[in-house]
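Please see the structure below; I have some questions.
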Amino acid sequence: MRIWSSEHVFSHPWDTVIKAAMRKYPNPMNPCVVGVDVVDRNLDSQGRLHSQRLLCTEWGLPSLVRAILGTSRTLTYIKEHSVVDPVEKKMVLCSTNISLTNLVSVDERLVYTPHPENPEQTVLTQEAIITVKGVSLSSYLEGLMASTISSNARKGWDAIEWIIQNSESTVS
């Protein structure tokens with residue numbers, strides 16, 4: 001098992017970042033996400049927005065890794081649940097893969113909150129727990145996957161910035 005974590009500060013208020021995060025896919029920074037379907041979306045009695053989405057991703061696994069894992073599949077599906085609390089100004093997003101689960105599990109949690117010292121900024125904390133199952137070199141593969149998650153996190157931050165910039169340019 002490998003745990004990866006990160007923190008990123010956006011130079012935008014929470015409302016702006018959350019609107020962009022909800023529209024994050026598709027984006028040109030991370031073309032491996034090839035499909036997003038909203039399965040369910042509802043407001044609870046406290047005004048929090050709950051969303052269930054299904055994401056389809058194209059994993060660019062090197063042929064050596066595919067051979068070690070014993071799979072030729074590159075399309076994977078991810079289940080995502082998010083809760084946006086506009087009163088507390090907090091968004092929590094949890095995701096987990098629902099394909100290749102016999103080989104690997106990736107459980108990710110993202111939390112968006114206003115910066116405690118500057119309300120014009122937003123803090124994103126991310127954590128991923130990666131477990132490769134039943135193969136030799138699992139620690140090595142978990143490290144590779146943590147590196148990929150780190151790279152994709154940066155792409156995600158860039159995508160949110162790109163969405164914000166493009167939204168602002170279309171409004172002005």
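Cβ from N, Cα, C; glycine included.
Found this in Swiss-Prot, in case it helps:
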type   : residues : note
DOMAIN : 1-172    : domain 'PRELI/MSF1'
SITE   : V36      : site 'Important for interaction with triap1'
SITE   : L49      : site 'Important for interaction with triap1'
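Buried or exposed, and what's around them? Tell me for each listed feature.
Taking Cβ-Cβ distances under 8 Å and a sequence separation of 6 or more, the neighbours of V36 (site 'Important for interaction with triap1') in its chain are Y25, P26, R53, L54, L55, C56. According to its DSSP assignment, V36 (site 'Important for interaction with triap1') is in a strand.
Note on L49 (site 'Important for interaction with triap1'): other Cβ atoms within 10 Å of its Cβ, all shown chains, come to 16. Under the three-state DSSP scheme, L49 (site 'Important for interaction with triap1') falls in the strand class.
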Taking the domain 'PRELI/MSF1' (1-172) alone, what is its mean pLDDT?
90
